[in-house]
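Peer 1: First the structure, which I've put down as structure tokens, then a few questions once you've had a look.
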Amino acid sequence: MSARWTTAVLDPQITGGLAVARSPDGFLVDANGALFPRDWLKRQDLDVLCEHGIGHFDGQPVFLLELRSATDVPGCSWRGLRAFMLEGDFDTYKVLGYAAQIGTWAREHRFCGSCGQAMTQIRWERAMYCQPCDLRSYPRISPSMIVLVTRGDEILLARSPRFVTGVYSTLAGFAEPGESAEDCLVREVREEVAVEVQNIQYVGSQCWPFPHSMMLGFHAEYAGGDIVMQPDEIEDAQWFSVHDLPPLPAGRSIARYLIDLYVARRLGLPEPVLPR
């Protein structure tokens with residue numbers, strides 16, 4: 001079965017297709033969702049900052065209209081990306097997640113970071129170009145590790161002050177320059193909870209467009225140490241039995257997948273599938 005959504009660099013000069021409109025308030029939606037006939041959308045009174053061709057959905061070309069600000073459109077409203085992640089069609093969420101990352105990049109790279117002059121959009125490549133500096137800027141992707149640390153029937157979960165009240169999750173952190181994903185994992189676990197790990201195994205990955213992370217998921221076994229929480233980063237961290245877990249992250253997140261996968265294997269239950 002072919003994928004409903006595939007990314008591609010499309011020339012905005014071509015006509016027709018579908019389009020999504022994104023503002024600082026989220027994506028424009030109506031009763032049918034966030035994908036609109038492009039010609040209709042461009043006839044609306046929208047404050048367009050730029051337009052990018054981003055791919056194909058069900059065989060139709062898709063474009064992003066990145067807006068300077070939200071505009072009232074009759075019969076429509078604005079909806080944040082996280083709401084699409086939590087519910088509705090996951091293929092549509094993938095379109096919007098990609099669009100959000102391209103929109104963030106386009107908004108933040110209008111001017112050259114070296115000389116300050118306006119950059120131009122390259123039509124055949126996903127890049128912005130500064131001619132005086134001969135410099136190309138590509139969409140930013142931030143590699144991050146996320147790990148479930150286990151000890152038999154116990155899993156190590158923590159909560160950040162930024163989490164929804166009561167929710168516990170796996171440990172995670174951004175990779176530093178010159179650092180492998182495994183080195184990042186060991187360092188982040190040590191920094192956040194002062195625990196050592198062993199037998200690191202890669203599990204899977206997930207795009208996390210909030211705003212531009214690539215989450216690399218791992219499982220690791222406890223090797224030693226007592227939990228000492230990192231100030232300002234970790235509000236609480238505990239070992240939880242797979243039989244008695246606290247409130248967990250959203251079901252479509254890789255954090256939840258890592259937890260559900262381990263619990264299923266310990267309890268002999270059907271294994272979950274990571275949304276991609």
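Any Cβ shown, glycine's included, is placed from N, Cα and C.
Straight from Swiss-Prot, here's the annotation block:
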type	residues	note
BINDING	Arg82, Glu125, Tyr138, Gln206, Cys207, Trp208, Pro209, Phe210, Pro211, His212, Ser213, Ala255	substrate binding site
BINDING	Cys112, Cys115, Cys130, Cys133	Zn(2+) binding site
DOMAIN	139-262	domain 'Nudix hydrolase'
BINDING	Ala172, Glu192, Glu233	divalent metal cation 1 binding site
MOTIF	173-194	motif 'Nudix box'
BINDING	Glu188, Glu192, Glu233	divalent metal cation 3 binding site
BINDING	Glu188	divalent metal cation 2 binding site
Peer 1: Of the binding-site residues Ala172, Glu188, Pro211, Glu233, which sits closest to Cys130 (Zn(2+) binding site) by Cα distance?
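Peer 2: For Cys130 (Zn(2+) binding site), the closest Cα among Ala172, Glu188, Pro211, Glu233 is found at Pro211.
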Peer 1: When you put Ala172 (divalent metal cation 1 binding site) at the centre and draw a 10 Å sphere around its Cα, which of the binding-site residues Cys133, Glu188, Pro211 have their Cα inside it?
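Peer 2: Among Cys133, Glu188, Pro211, the ones whose Cα sits within 10 Å of that of Ala172 (divalent metal cation 1 binding site) are Glu188.
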Peer 1: Using DSSP, what's the helix, strand and coil tally for the motif 'Nudix box' (173-194)?
Peer 2: 13 helix, 2 strand, 7 coil
Peer 1: Reported as an integer number of Å, what is the Cα distance between Glu233 (divalent metal cation 1 binding site) and Glu188 (divalent metal cation 3 binding site)?
Peer 2: 11
Peer 1: Got a sec? Which of these binding-site residues, Cys115, Cys207, has the most Cβ atoms within 10 Å?
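Peer 2: When each Cβ's neighbours within 10 Å are tallied, Cys207 tops the list.
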Peer 1: Can you count the other CB atoms that lie within 10 A of the CB of Cys130 (Zn(2+) binding site)?
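Peer 2: Taking all protein chains shown, Cys130 (Zn(2+) binding site) has 20 Cβ neighbours within 10 Å.
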